[in-house]
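Asks: Before I ask anything, here is the structure I am working with.
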């Protein structure tokens with residue numbers, strides 16, 4: 001994606017759409033904020049050539065259908081019809097790619113660069129998740145299905161983009177399990193965005209699209225160590241930042257006595273941990289023992305990585321205790 005004044009304008013209007021949704025006090029402005037974000041995102045997708053153009057058409061069709069369903073739900077609400085909740089939940093589930101409405105996300109990701117992929121998997125989901133938090137609909141079944149689909153389907157993926165997409169679907173299960181606790185889901189989403197941004201920037205910098213590229217190409221060893229740490233964090237390995245995300249949600253599930261959902265979360269977390277450990281092992285498999293020794297003795301990078309991983313975890317534990 002080329003950086004120019006037009007793209008900056010689209011980024012600005014997309015941010016305005018998100019802020020408008022978060023600050024609105026009526027359903028019409030919530031919908032306007034959603035559509036403003038969508039209209040701003042589609043032109044950015046078209047800059048990626050044939051693949052981006054195809055992805056933009058798919059995205060437009062999916063979002064248009066879900067927006068029509070959302071408007072229909074608003075009309076039912078004005079008529080005091082209880083069907084509004086069902087229409088709103090289905091339409092917003094389609095918008096964010098919640099299982100079983102997740103297939104469109106996977107058909108889009110291969111046509112996007114890593115910058116647009118990060119926006120699709122994080123920023124474009126803020127507004128629908130916020131609107132969903134205003135509903136009182138029971139999402140337990142969809143949460144369980146999302147956790148299972150995201151964790152199992154990601155096991156046999158060779159594409160980094162699809163793996164990140166399935167990981168995003170999996171994390172949606174955690175987010176929607178606490179979607180009615182505003183501070184909780186927003187903290188989880190922020191922490192997930194932080195970890196994902198690090199991974200996306202590293203993949204973009206190293207130009208990695210598939211797992212076998214980690215073995216076929218001779219990347220800088222320090223970058224591979226950073227990738228190894230990021231993958232462990234995405235998988236939820238303690239004491240990485242991604243581990244704290246899951247611990248917070250596990251505690252909430254115990255407090256509310258959602259033991260079956262907690263069991264599914266733990267089992268799915270193990271599967272997600274498996275395919276991220278696979279990436280982390282591939283990233284460091286060709287290291288020599290000499291380099292490993294020298295790496296931790298030379299340069300400030302090793303100290304920086306250690307400090308970051310040691311400090312971020314207790315800092316967010318402190319934030320959690322305050323919340």
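From the backbone N, Cα and C atoms, a Cβ is placed for every residue, glycine too.
Automatic prediction, not curation, is the source of TrEMBL annotations.
Values in this document were obtained by computation on a predicted structure and should not be read as measured data.
Pulled these from TrEMBL:
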- 12-39: transmembrane segment (TRANSMEM)
- 24-79: domain 'NADH:quinone oxidoreductase/Mrp antiporter transmembrane' (DOMAIN)
- 59-79: transmembrane segment (TRANSMEM)
- 82-270: domain 'NADH:quinone oxidoreductase/Mrp antiporter transmembrane' (DOMAIN)
- 112-132: transmembrane segment (TRANSMEM)
- 139-157: transmembrane segment (TRANSMEM)
- 163-181: transmembrane segment (TRANSMEM)
- 188-206: transmembrane segment (TRANSMEM)
- 226-248: transmembrane segment (TRANSMEM)
- 260-281: transmembrane segment (TRANSMEM)
- 301-319: transmembrane segment (TRANSMEM)
Asks: What parts of the chain pack near the transmembrane segment (59-79), using Cβ distances under 8 Å and only residues at least 6 beyond its ends?
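Replies: Same-chain contacts beyond the flanks: 27-28, 31, 34-35, 38, 41-42, 45, 85-88, 90-92, 94-95, 104, 108.
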Asks: Let me check one thing: do the transmembrane segment (260-281) and the transmembrane segment (12-39) come into contact, meaning three or more Cβ pairs under 8 Å with sequence separation of at least 6?
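Replies: Touching, no - the transmembrane segment (260-281) and the transmembrane segment (12-39) miss the threshold of 3 or more Cβ pairs under 8 Å.
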Asks: For the transmembrane segment (139-157), find every same-chain residue at least 6 residues outside the stretch whose CB is under 8 Å from a CB in it, and list them.
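Replies: Tertiary neighbours of the transmembrane segment (139-157) are 89, 93, 98-100, 102, 132, 163, 166-174, 176-177, 179, 258, 260-261, 264-265, 267-269, 271-272, 274-275.
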